[in-house]
């Protein structure tokens with residue numbers, strides 16, 4: 001009897017040890033020895049011309065390499081936990097400081113001290129890194145003010161794209177899955193012109209740089225160029241909208257979604273025929289843009305090609321091939337004959353047409369999922385966004401690695417950069433819109449509540465630096481576009 005009870009107890013202890021060992025993050029020395037022994041047995045069972053001493057040495061070296069990687073992985077996990085804890089502490093301190101109404105100097109000192117501690121930890125852990133990685137947990141010493149100014153409601157389906165006219169009168173343009181494009185008065189929120197020439201979803205809209213002409217791309221495999229004439233209505237006094245900090249967020253219900261009719265678009269004039277139709281694609285045309293000067297246009301399609309057209313003759317000038325999967329976006333440089341195309345093949349390509357006799361192409365490989373958009377900024381920089389939840393800033397003179405990386409918690413859709421203030425607007429699948437500077441520091445998050453913000457996926461953003469009322473516009477699959485007034489404190493602009 002004693003012998004049987006002792007064996008039962010030892011069996012239970014062994015079982016508990018095995019269970020605790022399976023739940024442990026670190027591997028014990030005994031498990032490493034067993035694994036090494038198993039690897040040796042496997043190698044001994046294979047035909048090899050290497051001497052046993054050489055094989056054993058290789059196994060020991062590989063084991064050391066694996067243990068080093070395991071240690072680094074565990075250290076990264078621990079560091080991320082510390083970062084999350086520090087973020088929670090900083091958030092709690094920020095609320096306490098606001099409630100106690102401390103001076104700005106005290107707030108700046110405390111935030112900068114905590115930020116310096118976090119920076120030191122990052123430098124210690126990633127001192128061997130070759131690129132500057134900036135995560136979205138970075139905090140700022142001041143907060144941007146984001147105010148909702150106007151909602152533009154009238155489409156009957158989701159809005160894919162939003163754009164602002166470059167000529168007077170300045171109007172807002174939206175492209176929708178309801179097969180139409182609408183032009184809006186920014187001040188009043190009233191629709192001015194409807195374009196109904198497409199027979200498929202209108203996926204993008206861009207305005208001519210010098211004329212009252214618009215370029216739209218559609219799921220009907222065409223891009224249309226059409227002229228509009230608008231007369232802006234007299235602005236009415238707008239309701240007082242309370243200022244909301246860019247970091248506030250509230251829950252809401254989909255029941256608050258607009259009914260799709262809103263102010264209505266049936267009363268505005270309708271254009272049903274284009275000036276020119278570009279018809280060389282064999283698939284959905286997902287985006288289109290004007291080259292500098294407005295004499296040529298580029299289109300991007302799901303047929304894996306981008307086409308360059310002569311606007312006056314509608315003739316195909318170049319067919320840009322090379323992407324392995326469907327294109328998702330195209331963008332042109334504001335002052336040079338450069339085009340960037342993005343694709344589901346996880347790359348984006350830079351096409352150079354500055355020399356009329358030849359055109360070169362450079363391939364950027366830095367994402368692990370669909371590149372949803374890539375846009376030019378001032379100078380020689382390109383910003384790319386992806387479904388891999390990152391946004392990367394690139395220097396065209398060095399394609400090997402990005403100069404900054406922004407990591408987010410949701411897929412990124414069509415981004416836009418405010419050239420004057422060098423601010424990137426990031427629309428997300430999770431209905432968020434975040435603002436970052438070019439170095440990757442988060443400046444603000446647009447508010448979402450029962451009465452403000454988008455209620456479904458945010459598809460696109462567009463800056464309007466010269467408009468006195470709204471300087472940022474967003475659109476989403478909740479069938480509305482929103483105009484915002486973004487006030488970035490001078491302290492953040494200097495950074």
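Glycine is no exception: its Cβ is also placed from the backbone N, Cα and C atoms.
Taken from TrEMBL, the feature coiled coil covers 69-96. Sequence annotations record features per position, and here TrEMBL assigns compositional bias 'Polar residues' to 22-31. Taken from TrEMBL, the feature compositional bias 'Acidic residues' applies to 246-264. According to TrEMBL, the feature region 'Disordered' maps to 1-36, 236-270. For 152-194, 195-226, 278-319, 320-361, 364-404, the entry in TrEMBL reads repeat 'WD'.
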For the repeat 'WD' (152-194), the number of residues DSSP places in helix, strand and coil: 0 helix, 21 strand, 22 coil
Any contact, the repeat 'WD' (278-319) to the repeat 'WD' (364-404), with at least 3 Cβ pairs under 8 A: no
Remote residues contacting the repeat 'WD' (195-226) - C-beta distance under 8 A, at least 6 residues beyond either end: 157, 160-167, 173-183, 270-279, 281-290, 292-294, 297, 299-301, 309, 311
